[in-house]
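Working notes for the structure below.
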Amino acid sequence: MKPAIAVVVLLSSLLAVSSAAEKFDFFYLVQQWPGSFCDTRQGCCFPDTGKPAADFGIHGLWPNYAKCGRGRQEELASAVLGEDDVAFLSGVGRRGKCWPEYCDDGNALSPWEIRDLVASLHRDWPTLSCKSGRSFEFWSYEWKKHGTCSNLAQHEYFARALALKARHNLTVILAGAGIVPSDTETYPLSSVRDAIARGTGFTANLECNRDADGNAQLFQVYQCVDREGNKLIDCPLSMPTKCSRDQVKLPVF
Ligand SMILES: *[C@@H]1O[C@H](CO)[C@@H](O)[C@H](O)[C@H]1NC(C)=O
């Protein structure tokens with residue numbers, strides 16, 4: 001084989017390996033408060049199964065690297081080839097990336113694989129987007145973008161996210177600290193953070209958004225999970241809290 005061809009063959013096999021067993025360091029389990037999703041200038045739509053419960057809903061279970069950079073396969077390939085060839089062939093830029101995504105576009109979510117989970121998914125992982133109204137499309141998107149990089153089978157991926165959510169019920173944990181949905185009350189961000197740390201044993205990262213009047217509200221909670229998707233862990237990465245205010249609302253849903 002000519003050297004150039006050998007290199008291309010080597011590179012493509014290295015990149016192929018990367019999709020078979022994706023290397024990542026932990027998951028983010030991301031849950032959203034439906035009141036904050038809807039209480040924005042943009043608003044929300046209920047899924048065709050009706051208005052979801054006033055409970056946190058799963059947004060996704062996202063594989064993440066502890067350090068932004070390139071996967072090991074891209075590092076190996078760049079040692080053989082030039083940087084630009086790797087960037088071109090793998091789609092990973094020079095600055096690297098912080099999480100893997102779309103690891104297997106041929107692996108579409110099958111309704112049959114998750115049939116026994118569908119009732120729970122409708123309750124705990126509903127869509128509020130106005131784009132489709134069908135939660136299955138939301139699950140399919142999350143599976144394709146993040147789940148295919150999880151090294152888990154379809155059923156495991158969804159079952160583990162549901163089990164984590166049930167084990168650490170954020171709505172109950174916050175209520176236990178007096179943090180209950182209200183259209184008038186605001187809560188110190190530190191009290192939200194402390195309540196979750198006490199209730200789950202682990203610190204979470206918090207994300208806020210703004211209502212139509214510009215008030216900060218608690219929007220999403222990011223909890224770190226081990227690589228198997230089984231249990232919470234200390235976050236390997238401190239994510240800057242995406243809240244610009246110290247006082248946040250938890251709007252009624
Ligand atoms: C969490 O608690 C709320 C309020 O009691 C309840 O409605 C909800 O079903 C619980 N969620 C899970 C996943 O157990």
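Note that Cβ sites are derived from N, Cα and C of the backbone, with glycine treated the same way.
According to TrEMBL, the protein has these features:
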type	residues	note
ACT_SITE	His59	active site
ACT_SITE	Glu142	active site
ACT_SITE	His146	active site
SIGNAL	1-20	signal peptide
Contacting active-site residues, sequence order - His59, Glu142, His146 vs ligand 1, Cβ under 6 Å: none
Collapsed DSSP category at His146 (active site): coil
Surrounding CB atoms that lie within 10 Å of the CB of Glu142 (active site), all protein chains: 22
